[in-house]
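Taken straight from Swiss-Prot:
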{"type": "REGION", "residues": "1-67", "note": "region 'Disordered'"}
{"type": "COMPBIAS", "residues": "29-39", "note": "compositional bias 'Low complexity'"}
{"type": "COMPBIAS", "residues": "40-49", "note": "compositional bias 'Polar residues'"}
{"type": "COMPBIAS", "residues": "58-67", "note": "compositional bias 'Basic residues'"}
{"type": "ZN_FING", "residues": "77-94", "note": "zinc finger"}
{"type": "ZN_FING", "residues": "100-117", "note": "zinc finger"}
{"type": "ZN_FING", "residues": "124-141", "note": "zinc finger"}
{"type": "ZN_FING", "residues": "152-168", "note": "zinc finger"}
Amino acid sequence: MARITNMGKRKRFLEATPYESKVLEQPKNSSNTNEESSSQDNMKASFGSSKRYDERQKKKRSEYRRLRRINQRNRDKFCFACRQQGHIVQDCPEAKDNVSICFRCGSKEHSLNACSKKGPLKFAKCFICHENGHLSGQCEQNPKGLYPKGGCCKFCSSVHHLAKDCDQVNKDDVSFGHVVGVAGTTGADEDVYHEYAKTVAAPTKKRPVKPVKKLVTF
């Protein structure tokens, strides 16, 4: 059996054309986007700088308040050695050589309050008359005596001793009363007023003696 085919011309395909790349065009609103991004960056930078500025201001205010509290505490202090405000005896520049020793016996192991001996203060130096043998509180040239902030003994108006050490008060007729002090006004060297109230001995009432019953026996 024979087969007949159509023997036509051979089909030809088109040749491939070369690929041409085109440059992408930028959108028209690209300038707007750049402006928006730059404005956002500026806002972030300004916000960060303002935040840092606020933190610096807070630190400055905190430091100012701290220094103000220190100055307030120093104003309330009073030195019993040089009679000046702003420091206490332990920090006094004029009394640095003598504060660490006992004014009575000269020992460096204890202070005057802990000394067991009795006698004059040989190692003490007065900061008013600059003489040895007494403290500035007992100096006759000191008008304030033991009361650097003012005041006197409540019984004899003397400034050379405290009210509890006054000789005009007979301790046999005096009972220890309550301690009177104003909070916030007394300093480390200020005398706190010890009030001793005189008590009048009230007559004691005698109880009536009951008569003893007598037993009569028959």
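Cβ atoms here come from the backbone N, Cα and C positions, even for glycine.
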Under the DSSP assignment, what numbers of helix, strand and coil residues are found in the compositional bias 'Basic residues' (58-67)? 10 helix, 0 strand, 0 coil
What is the number of residues in the zinc finger (124-141) that are helix, strand and coil, as DSSP sees it? 3 helix, 2 strand, 13 coil
Averaged over the zinc finger (152-168), what pLDDT does the predicted model reach? 79
Provide the three-state DSSP residue tally for the compositional bias 'Polar residues' (40-49): helix first, then strand, then coil. 10 helix, 0 strand, 0 coil
